[in-house]
Amino acid sequence: MENYRLFLSAFCAAAITGSLSIIFVLIWVLHYREGLAWDGGSAEFNWHPVLMVAGLIFLQGTAIIIFRLPWTWACNKQVMKWIHACLHLLAFTLTVISTVAVFDFHNTAKIPNMYSLHSWLGIAAVILYCLQIVVGVVLYLIPITPVSWRAAFMPVHVFFGTLLFVGIISVALMGITEKLIFALKSPKYSQSPPEALFVNVLGVLLVAFGAIVVYTVTRVSWKRPNDQVLHSLHTDEVGEDNGKVGPKKTTTQDSEMRGNI
Ligand code: HEM
Ligand code: HEM
């Protein structure tokens, strides 16, 4: 691997900022807020930030960089795809529970649903994330999909996956700011009480985690060795996989490549 030291530093920084984000959100709800419960009250709402940070941010980020870990390159690509897909599915499950928690809290407290920009962009992100999983499973896990379809769709999958990840971090930052403005009354958010400073740091950690993950997945030289070859085939040559989208006759080479894409 090129520049292994830099990769290792990025990996450690992602692991540290990601784990700290989960620790910070837990300290926020358990120490500064009402704790966690499933009772329709504020403690139920608190599942929302905890599960979003742990699932949609930490697990999604882990799923995204899983192909880049050099220790996994000896593993079969098919196994890695299952791990990538299962991590996304687990993240999605936590997201659903987190969304139910906030709707249930709103309904019990008779607070209107879906009025804020945070909630609009949040629900759009959840729906698009679900769509990305469905398309990902159909294209890359079901063994009958033609190789040309898989290859043609891969840049779209990577682009939308990265866009969703960045978008979701922005949505979380909006949610955090909103919650601090709603919850801090005396002293107010603008008076910078310890909780406000602590949670601002959580926001900074989320941005740092996101930046490191995006940096890692956008470096072509850190791809799995086989994928680097495929990448140059798709970018240097006007390969037929890039241009033609549609089923084609399956050859032995196709079925060998299917496991790799
Ligand atoms: C509400 C999504 C993270 C705070 C909502 C709602 C959705 C949503 C769909 C609307 C629920 C309803 O109208 O009943 C998301 C997504 C996140 C995220 C996709 C991804 C990371 C966070 C975080 C916080 C937060 C980290 C921090 C506390 C809030 C608050 C509400 C809310 C205060 C209620 C007010 C409102 O509807 O805007 N969220 N959320 N969210 N969320 Fe988030
Ligand atoms: C690669 C995101 C679901 C299969 C990627 C990459 C991203 C991404 C950002 C680029 C990673 C890299 O270049 O190292 C997502 C998101 C998903 C999702 C956000 C869910 C919402 C799935 C599912 C599958 C899948 C369900 C089914 C197996 C793949 C494959 C790659 C990939 C095969 C290729 C990795 C490579 O060869 O470089 N995904 N993905 N993805 N994803 Fe997904």
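Cβ atoms are placed via backbone N, Cα and C, with glycine included.
Per TrEMBL, the features are as follows:
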- 13-218: domain 'Cytochrome b561' (DOMAIN)
- 237-261: region 'Disordered' (REGION)
- 7-30: transmembrane segment (TRANSMEM)
- 50-70: transmembrane segment (TRANSMEM)
- 82-103: transmembrane segment (TRANSMEM)
- 123-142: transmembrane segment (TRANSMEM)
- 154-176: transmembrane segment (TRANSMEM)
- 196-217: transmembrane segment (TRANSMEM)
Seminar exercise, completed: Beyond a gap of at least 6 residues from its ends, the CB atoms lying under 8 Å from the transmembrane segment (7-30) belong to 1, 36, 46, 49-50, 53-54, 57-58, 61-62, 65, 68-70, 195, 198-199, 201-202, 205-206, 208-209, 212-213, 215-216, 222
Exercise. So what's the mean pLDDT when you look at the domain 'Cytochrome b561' (13-218)?
Worked result: 97
Exercise. Counting only residues 6+ away from its ends, which parts of the chain sit with a Cβ under 8 Å from the transmembrane segment (154-176)?
Worked result: 48-49, 52-53, 56-57, 60-61, 64, 116-118, 121-122, 125, 128-129, 132, 135-136, 139-140, 199, 202-203, 206-207, 209-210, 213-214, 217-218, 234, 261
